[in-house]
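Taken from TrEMBL as is:
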- GLY163, GLU164, SER165, GLY166, ALA167, GLY168, LYS169, THR170: ATP binding site (BINDING)
- 1308-1404: coiled coil (COILED)
- 1098-1115: compositional bias 'Polar residues' (COMPBIAS)
- 1486-1766: domain 'Dilute' (DOMAIN)
- 1087-1118: region 'Disordered' (REGION)
- 1164-1189: region 'Disordered' (REGION)
- 1271-1297: region 'Disordered' (REGION)
Amino acid sequence: MSVTELYSRYTRVWIPDPEEVWKAAEIIKDFKEGDTVLHLQLEDESTLEYSIGPKHNALPFLRNPDILVGENDLTALSYLHEPAVLHNLKVRFLESNHIYTYCGIVLVAINPYEQLQIYGEEVINAYSGQNMGDMDPHIFAVAEEAYKQMARDEKNQSIIVSGESGAGKTVSAKYAMRFFATVGGSANDTSVEEKVLASSPIMEAIGNAKTTRNDNSSRFGKYIQIGFDKRYHIIGANMRTYLLEKSRVVFQAEEERNYHIFYQLCASSSLPEFKDLTLTSAEDFTYTSLGENIFIEGVNDAGDLVKTREALTMLGVKEIDQVSIFKVIASILHLGNVGIVSERDGESCHINRDDTHLHHFCRLLGIEQEQMEHWLCRRKLVTTAETYVKNVSYAQAVNARDALAKHIYAHLFDWIVEHINKALHTSTKQHSFIGVLDIYGFETFEINSFEQFCINYANEKLQQQFNSHVFKLEQEEYMKEQIPWTLIDFYDNQPCIDLIEAKLGILDLLDEECKVPKGTDQNWAQKLYSQHSKSGHFEKPRMSNKSFIVVHFADKVEYQCDGFLEKNRDTVYEEQINILKASQFQLVADLFHDGKDAGPPSATSKTSKINVRAAKPAPKGHNREHRKTVGTQFRNSLHLLMETLNATTPHYVRCIKPNDFKESFVFDSRRAVQQLRACGVLETIRISAAGYPSRWTYPDFFSRYRVLMTKKDMTIGDKKQVCKNLLETLVKDPDKFQFGKTKIFFRAGQVAYLEKLRADKFRFACINIQKTVRGWLQRIRYRKIRKSAMTLQRYGRGYLARRYAEMLRLTRAALICQKQYRMVRVRREFLRTRRAVITIQAFTRGMFIRRLYQEFLLHHKAMIIQKTVRGWLVRKKYLRARYAAIVIQCFYRRVRAKRQLKQLKIEARSAEHFKNLSVGMENKIVQLQKKMDNKSKEYKTQNEQLVVTNSTLESEVTKLQKEVETLRSQQTPGTKVTSLQEELEKLRAELQEAHAQRKQIEEEFSNEKQGLQQRVEELEKENTLLKKEKEEMNRRIQTSNQGGDVSQKEIRLQVELDEERQRYQNLLKEFSRLEQRYENLQEDMSSMKFQPGHRRNPSNQSSLGSDSNYPSINMSEVGDTDDTIQQVEEMGIEKAAMDLSVFMKLQKRVRELEQERKRLQTSLEEVEELSKQKGNEPKSSTSEDDINADLAYNSLKRQELETENKKLKNDLNELRKAVADKASDNNSSNELQEGYNLLLNQLKAANEELDVRKEEVLMLKTQIVNSTRQSENINHIDSNDESEWTNNKKPVDSEDTVDAPDLKKLLEAQLQTQSRQHKDELEALHTQIELLKDNLEKKQEMLDHFSTLSPEALVEFSVQQEITRLTNENLDLKELVEKLEKNEKKLKKQLRIYMKKVQELEVSQATKSRPELTRQVTVQRKEKDFEGMLEYYKEDEPLLVKSLITDMKPNAVSATVPCLPAYILFMCIRHADYINDDQKVHSLLTSNINAIKKVLKRNNDDFEMTSFWLANASRLLHCLKQYSGDEAFMTQNTAKQNEHCLKNFDLAEYRQVLSDLSIQIYQQLVRVAEGMMQPMIVSAMLESESIPSLAGVKPMGYRNRSSSLDCESGGPVGYTLQALIKQLGQFYTTMADHGLDPEIIQQVFRQLFYSINAVTLNNLLLRKDVCSWSTGMQLRYNISQLEEWLRGKNLHQSGAVATMEPVIQAAQLLQVKKKTSQDAEAICSLCSALSLQQIVKILNLYTPLNEFEERVTVSFIRDIQNRLQDRIENNQLLVDTKYTFPVLFPYTPSALSLETVHIPASLSLDFLTRV
């Protein structure tokens, strides 16, 4: 290719520019050799004549084709030079917002000055396990490459992060360590990775500071070695530090700050624990206020100190040591404020005695204030003859004070680093390590001093190592491909390094000048001038004698000599150090003792592995003259670092600072070029450009450039030969390319030339196509025009004819219209006149009629007035007469009433009145006697003695009556009145006492009633709320068919349900993980304590797999809550909690108590309603006492029945124990007879005890009735008048009570019984009335509600109400039946079982061998068909578990019924339930669950085994539900299956345990399947060509290094879509063969398709090479194939396709147009499942495959962002690959009957007996 061909018209070039460094231009005139001017057109369409000379201005650099712009790897560019590199970085940074770019082996990282969401855990997972060139450039890709090479090559690795201050070195190193901590997490729970990350905030606090270029600049270098074990888990770490900038402690430039820790302490000075430090604001201290800006925008110093303290605590720094550290730091601040006062002579100085800062400094460090005050202003001089003390000047004292502050901080810094290393150190042997070097980049300022010199010296060494490594990799690539190569010349900076570190170099002369007693910086500069003036890397400034220039690899740097000697010496007065050594605080003393007590460093190991050592300054000897300078220490540590790096495989990260203003995504080209030159990126480009930078594989080259081939070449089968023939034809110069084994190597610019030829070929073909198409279009257009003209003529002529005919029609119509109009006008006039005449007549006639009507109306009104007045006068006269008559009658009647009242008073005082009263009392007694006679006759037949007694009593009563009459006749009236008054007083006293008792009882009752009313009100409120919620839900359900958002509500409810299930299953997953951890620890303990012959008994293991020696509770006594509580008290809460059966009993007891509480509450509400109904009636204490009596009676009765029930249960337990003991001892028939007798005696005793208890209950009831009767008598007395007491009280009453107590009790009991019956009937009637009223009101409300409903809603509501009613009735009836039959069934079953056991014992006496026992028992008990149960002996349980679970292989039962082990296990459980053996059920279920867990743990990567046990676990769960006896699970059972239901035990708790186990197995199944699919997904979905020849190959991006791939295995294996579908088919076949439920299979594939979607979309978002139109087409085709497979397997309803919606939309996004605003609107409506961040990322990554396709413009992407900025979504770039959908196990009953299950002989289950 000649120059003329390259620099032709339309060629784009780069020209220098003072502002933008390089500017783009286009050649507008062909260039010919010899021309001195190149005619260019700039981007702003201005022209420029660019002068060209052979020496000064060479031809400008050529631009790369647009298709290569934005490449991931700079070395993939066809033209490799500075402007191409700068432009590519700028485009990626500004347009695509990509901050990472590869440059060969270097990762270029540009600081965005913005927090990007590209460092989450999902991004780490996406890059983990990927090759470096497969994904977009990222710091995680470099870290993964280092981790992979360490594991594969077993060689230590290093990641070297360098760059300017503010370029992001620390952040990049931090993210690299985070990647290692996540991927290589510690194998145990030591949290080493957390400690490694925790060291960052500590080091940032004590080693970072704000500078003018960076708010968090690292002012030291560090090299962190992360150690790994043989399994490549993090086991520890170690940190080395280099060249801490100590001068920053005492001096900061303007707008800079000291180290962060000082400001953090000052910001937290108000905390109580920091009061002792006596700190104030940072502005008050000299060392923190020199920069005049103590704040950083957006930084909370107090909050950062909290993080620092937390990190110190995590790393094991004690609280007392933390306090000491803060004291030392605070003392440095106080030291800076110590005031030194100069004396008048200027040669000495002093410190004031009352200097508070000096006092605080000495107090915080625990040293003597007087000594420190003395030696801060003086120094000791030691000579050979004498020692004397000399005063120092003010300047010297200030320098000594600052030197002391720097020395203290430096030692504290080293101490903290040493303790961090101790915390990160591990005793485990380190197998390999990865080092992360975060070191300062090349620095040049206006004033450069000793620190910049050391930094640039270190960068010279690192650049030398970098150049040699890059050169080595290039040569290795050429040798691997076996192509001829010549030695590539690269820049070697060894002369510059020799200038610095060689003998008599800059450092050597500096150390020599430091040893001279009166050496100065100026003398040292003169020695440099004389020694190195002839060196090519050393220059002397023209205008200065105190500086020198070193020509570094990056730039020339001028260093000021002032301060070099002082900084290199780093001298501190020994007297001050001795004072600090004598500190009373141990930490302060240790800081300065370590340097002298430490021994010399050990020799460097000669092996390949470098020992990890702290890079502290070398220890000082006792002789001051032999102490090493700072330069020497730094040189030694740098040599040690280079040894470590040379012994490892380095990986390079170059951080670039885009601008000096810290603005986000702003690119300053001049600053970027300066850093690119300094960091070695351009040197990498130069080395690559010197060789063959562009490399193509033969298939890719053939696919890309086959358009340039001829038909003859295409017929050749060997693609490699075809490529050779093509290149030899197109490129004449053979040096421009080389053929390797697998690749073609091109010189720089050759790919661009081939792209130009390809574009010309396409352009020529396009021109031909356009020519043909345009001619065809013109012919078609002419034919259309001719046809249109003829059509127009035909239509025009027809139009004229139609218009003439229309005119004729209109003329005729006009005449007709005129005629009709005239007729209508005349008729209207006539009608208007006629209507006016009629109207006038009507109004006139009406006026005359109205006048006549008014006259008649006035006559009628006058007559009415006259009639009314006459009637009023008559009525008034009548009322006056009637009132006078009434007054006369009243006066007469009053006179008669007074006379009658006087007569009645006289009669009332006479004796006849009392006689009449006595006669009334006698009549009452006679009536009572008649009743007594009737009752006596009734009982006469039953008890003759009672009749005799009654007759005797009757005669005695008659005699007593006669005596009473005689006494009354003898007694005078006065004495009678006296006795009656005395009795009246007594009765009044008793009445007052009764009143007091009644008030007390009423108060107590009212309080209790008030409390109950409050509780009832609360319950009513709750009930009201529940009713409202129910009504609301019903309303929502009723209006669901009318609303339009039902689907959204259902989706929201489903989402909430899924979230709840997800939370539960996450908890279950965490429980599984903890259980696995517990088992691992248990196995470790068992392996450590193993002894021969020891074997654990599986029957003693609990349901959680742990050993349990506690007694098990009989499952038949689930209802025996009292026994259960007693056992819990005996066993203890913690022990009882471990037994599942105890837990089940307590739960059952809680449910019963809750039901009892509800029942009592219901009865209380009924009582309250009755009391409210009787609120208007007079209340007596009788009803209240009756209620209390009933309650007391019921309570006593319940207690007695519970006691009786408990006693019966205890007796039954004793019987069971006795029978079991007899069965085990195998005694004679006499003992069996004793068992019978014991059983009968216990039953008789129980019956007798029951009778006694009943009698006691009756007695208690009688006593309660007596007390109630007494209260009734009191109330009766209170209700009568005092006169009645006086008149009716007789002495005979008291005598009757004394003489006939039995009669009185009997009468009272009878009366009480009758009154109670009447009251109960009355209350029942009231209650029934109220219930009927409530029902009536409810029905009325329902009718009102029905009237408002539509017919459809009415039917639905009616059905719902009927279902609710029937359900409630069924529940009530079921509960009632259970309560009534519970005790009876229980006792009958237990007696029947014991009788059967006794029969078995009888048979066992007759036979002695065990097999005979089994057969005889079976024949004797079950002489009928097989009932679907399997019997086994307890000692055979381990063998059963071993045969069915531990040793079971899925293929062993493949030809039988699916889930056969589950059926067999359930049949064994049925038999244990049948014989009512709760221990057997508990042991069998527990051992089965634990065995399944162990099998799954042993086969945790076996999909077939996991699927097999998932099917069996779910089937066993379904069997426990199907045969549980619950009606909800029995709807689909046959009659035979209902007979097989469990009879004695409720295994609901075990169903929950099995459900949890099934969820764990499901999660393991999904995890195994995802692990098997993971390597296939990316290759099958994105890389394989499902549609052949669709994808056009573009120029390659990243050139995979030989180390990036596993050379032994030939690189990664490529999977096709068919391989992925085949794998999915295997999963489906395996699960279907094992009998897994179809619903669970659908959920499994839904989760697997979600994983395919997540992995595919994440890789699409992180790979630029697959974001193209052809990839979108391939992806759409692959997804359609997967959908077709789902339909073929009948899985299309599983929701798997919905999980693929994001990747489907991503494929559509790659294919749609991306130009106009209409396209943006279409994209926004299309990509509803993608987030805004994902859409923008895909658009930024979109890469056209040829020049005919345009890139997505920045304005289009901004338009998309503006349209979608209001969308509410998750701001996450990558999809969470670890998300799992909540699993649901639907109930699926089995149609298989248990008696038909056949057990194959191959299972070796002969010990099981069919029952």
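For all residues, glycine too, the Cβ spot is worked out from N, Cα and C.
Automatic prediction, not curation, is the source of TrEMBL annotations.
Confidence across the coiled coil (1308-1404), taken as the mean pLDDT and rounded to a whole number, stands at 70. What surrounds the ATP site, by Cβ distance within 8 Å of the Cβ centroid and not counting GLY163, GLU164, SER165, GLY166, ALA167, GLY168, LYS169, THR170, is the set ASN111, ASN214, SER217, SER218, GLY441, CYS655, LYS657 from the same chain.
Residue environment of GLY168 (ATP binding site) contains 25 other Cβ atoms, counted within 10 Å of its Cβ in all protein chains. Cβ neighbours within 10 Å of LYS169 (ATP binding site), excluding its own Cβ and spanning all shown chains: 27. The binding-site residues listed here are GLY163, GLY166; among them, GLY163 has the most other Cβ atoms within 10 Å of its own Cβ. In this view, ALA167 (ATP binding site) is surrounded by 25 other Cβ atoms within 10 Å of its Cβ, with every protein chain counted.
Around the Cβ of THR170 (ATP binding site), the same chain contributes GLU204, ASN208, ASN216, SER218, ASP438, each under 8 angstroms and 6 or more positions distant in sequence. Its own atom aside, the Cβ of SER165 (ATP binding site) has 20 Cβ atoms within 10 angstroms in the protein chains shown. The Cβ of GLU164 (ATP binding site) lies under 8 Å from the Cβ of ARG213, GLY441, PHE442, GLU443, CYS655, LYS657, GLN675, ALA678, each of these being in the same chain and 6 or more residues away along the sequence.
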